[in-house]
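Remarks on the structure that follows.
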């Protein structure tokens with residue numbers, strides 16, 4: 001029977017806050033996985049690299065664990081329905097659990113708070129309507145408060161992409177990639193010059209790759225790449241199969257993310273140049289809430305979300321496991337997003 005994993009999920013949550021913050025500091029970007037995929041389909045180079053980083057992270061996880069993701073019992077038709085709704089909903093609401101819940105709540109964004117409350121509520125209602133009276137999920141056993149050897153490996157493995165991000169931050173890692181005029185411009189004045197704010201294209205791509213791989217490793221450590229654990233949490237809270245692991249992920253990620261954003265975001269000038277693209281306060285409108293409801297229903301149907309699906313797809317391919325559920329869901333997700341201008 002499944003066991004809640006509070007310590008691993010807490011450590012994973014702490015690990016998620018770091019790449020989310022690092023991408024903001026380095027590139028001035030929000031870590032929004034649904035946005036990565038939607039933009040990648042339209043040919044955005046940075047979004048393609050970010051999506052590839054999650055796939056590569058999944059492949060690394062597969063090599064570490066030596067096995068693919070757990071087999072999925074849901075039919076491909078149901079997964080397609082879920083993927084389409086999540087794709088449509090995240091495009092309408094401009095975000096999913098990473099962009100709104102992790103990054104947005106850490107910034108105290110009103111739009112993200114409204115979106116998170118809405119899609120979370122819709123997901124809980126959907127999950128309880130579909131699964132609370134079924135024997136789909138086994139009752140949980142007592143929590144597992146230790147971390148195993150694989151968890152420790154996943155924890156240590158996050159050091160490599162973190163070091164890459166730190167090197168980029170200190171500008172040691174891309175010193176050969178920047179022109180001499182940039183070095184002169186950055187030292188001649190305390191204020192950012194046009195040359196200093198010019199995007200460092202290659203370095204920005206490396207930052208996207210390092211942060212997304214690190215995110216994938218942290219999410220797997222939290223055990224929330226398993227859709228069944230997500231669905232078991234959404235059975236809130238008086239159900240024999242209720243698994244509180246997702247709450248421990250949030251306890252680890254959101255407070256740390258808030259501290260990093262509010263006290264360590266610096267001058268809002270991306271280290272690697274380019275535009276500071278973190279949104280300011282926006283209006284809570286019908287489109288946002290409607291999209292959040294649609295996303296929440298799709299999430300509740302399967303427990304699938306873009307980040308875990310990309311990671312599990314990469315993990316399945318690397319271990320020659322069945323990747324059809326993940327690919328099917330992704331294709332439907334893309335189709336849903338393409339329905340929105």
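If you go along the chain as it appears here, the first residue is 1 and each next one adds 1.
A Cβ is built for glycine as well, from the same backbone N, Cα and C atoms used for every other residue.
Taken from TrEMBL as is:
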- 6-26: transmembrane segment (TRANSMEM)
- 47-64: transmembrane segment (TRANSMEM)
- 113-131: transmembrane segment (TRANSMEM)
- 155-177: transmembrane segment (TRANSMEM)
- 201-221: transmembrane segment (TRANSMEM)
- 241-264: transmembrane segment (TRANSMEM)
- 285-311: transmembrane segment (TRANSMEM)
- 323-340: transmembrane segment (TRANSMEM)
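The transmembrane segment (113-131) makes contact with the transmembrane segment (285-311), as judged by at least three Cβ pairs under 8 Å among residues 6 or more apart in sequence. Within the chain, the transmembrane segment (323-340) has long-range Cβ neighbours (under 8 A, six or more residues past its boundaries) at 34, 37-38, 41, 68-69, 72, 74, 76, 79-92, 302, 304, 306, 309-310, 312-313, 316-317. Of the candidate ranges 201-221, 241-264, 285-311, 201-221 contributes the most Cβ pairs within a distance under 8 Å of the transmembrane segment (47-64). Within its own chain, the transmembrane segment (285-311) has Cβ neighbours under 8 Å at 33-34, 36-37, 51, 54-55, 57-58, 61, 74, 78-79, 81-94, 96-98, 100, 111, 114-116, 118-127, 130, 215-216, 219-220, 224-231, 234, 326, 329-330, 333, counting only residues six or more beyond its boundaries. Remote same-chain partners of the transmembrane segment (241-264), defined as residues 6 or more beyond its termini with a Cβ less than 8 Å from a stretch Cβ, comprise 2, 4-18, 20-21, 24-25, 101-103, 105-108, 137-140, 222-224, 229-230, 232-233, 235.
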